Amino acid sequence: MLSKCRFVAGVQDKHSLPDFQVPEVAFAGRSNVGKSSLINAVTKNKKGARVSSNPGSTRQINFYLNEGALALVDLPGYGYSKASKESASSYMSLVEHYLLTREALHRLVLLIDSKVGLKEVDMDFISWLEERCIHYSLVLTKIDRLACTEFNDVLSAVQSRVKGCCMLLHPIIGTSSKSGKGIKELVHEVSKCVKEWPGGRDVRA
């Protein structure tokens with residue numbers, strides 16, 4: 001059902017956020033974690049979200065609308081060390097505003113690069129979400145780069161570090177935009193948001 005998602009808006013200012021009247025699923029994570037590639041894999045559209053090898057290239061909130069039923073939201077990545085403090089503060093302020101005030105936000109998907117695992121900047125973001133009672137799902141990206149045993153080790157390590165997190169929604173899904181692994185499971189989780197809307201629980205507790 002997500003194959004008809006199309007880019008409809010790129011927003012750099014909180015006052016310009018669109019109102020689609022549909023549930024939104026937002027993708028967050030460190031710079032270069034593979035958000036755009038994963039959105040393209042989920043929507044089966046290789047040219048949908050612009051993919052860049054340069055970290056921090058997404059400086060705006062990008063919206064992809066699926067036939068007026070669901071919107072996927074690509075949030076700017078955090079943790080890019082080469083971004084100026086002023087620039088980083090500007091777009092992270094936009095992300096914070098979106099996460100705290102967006103009534104249409106139904107699910108936040110936090111992406112973790114399986115090759116490097118959870119970093120302190122990820123844990124800081126998770127703590128921020130926990131403190132503000134924002135529900136989120138964890139998705140491991142780029143699992144095609146790992147052997148099966150390596151992936152299991154990474155998954156166990158991640159599960160151990162987030163044990164006790166109250167806002168975390170399960171299951172933790174391993175994905176690969178390149179091989180397609182885990183994409184079907186992720187699409188299933190995302191699609192459930194349409195069925196749950198508007199009677200389902202909001203992303204904020």
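Here the Cβ of each residue, glycine as well, is placed from N, Cα and C on the backbone.
Copied from Swiss-Prot, the annotated features are:
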type: DOMAIN; residues: 21-196; note: domain 'EngB-type G'
type: BINDING; residues: 29-36, 56-60, 74-77, 141-144, 172-177; note: GTP binding site
type: BINDING; residues: Ser36, Thr58; note: Mg(2+) binding site
Fewest-neighbour residue among binding-site residues, criterion Cβ within 10 Å, set Gln60, Thr175: Gln60
Between Ser36 (Mg(2+) binding site) and Gly29 (GTP binding site): CA-CA distance (Å): 11
Cα distance (Å, whole number) from Ser36 (Mg(2+) binding site) to Asp144 (GTP binding site): 17
Inter-residue C-alpha distance, Thr175 (GTP binding site) and Ser36 (Mg(2+) binding site) (nearest angstrom): 13
Model confidence over the domain 'EngB-type G' (21-196) (mean pLDDT, whole number): 87
Other CB atoms within 10 A, centred on Gly29 (GTP binding site): 24
Ser36 (Mg(2+) binding site): secondary structure state under DSSP, collapsed to three categories: helix
Asp144 (GTP binding site), number of other Cβ atoms within 10 Å: 16
Whole-number Å value for how far Gly77 (GTP binding site) lies from Ser36 (Mg(2+) binding site) (Cα to Cα): 10
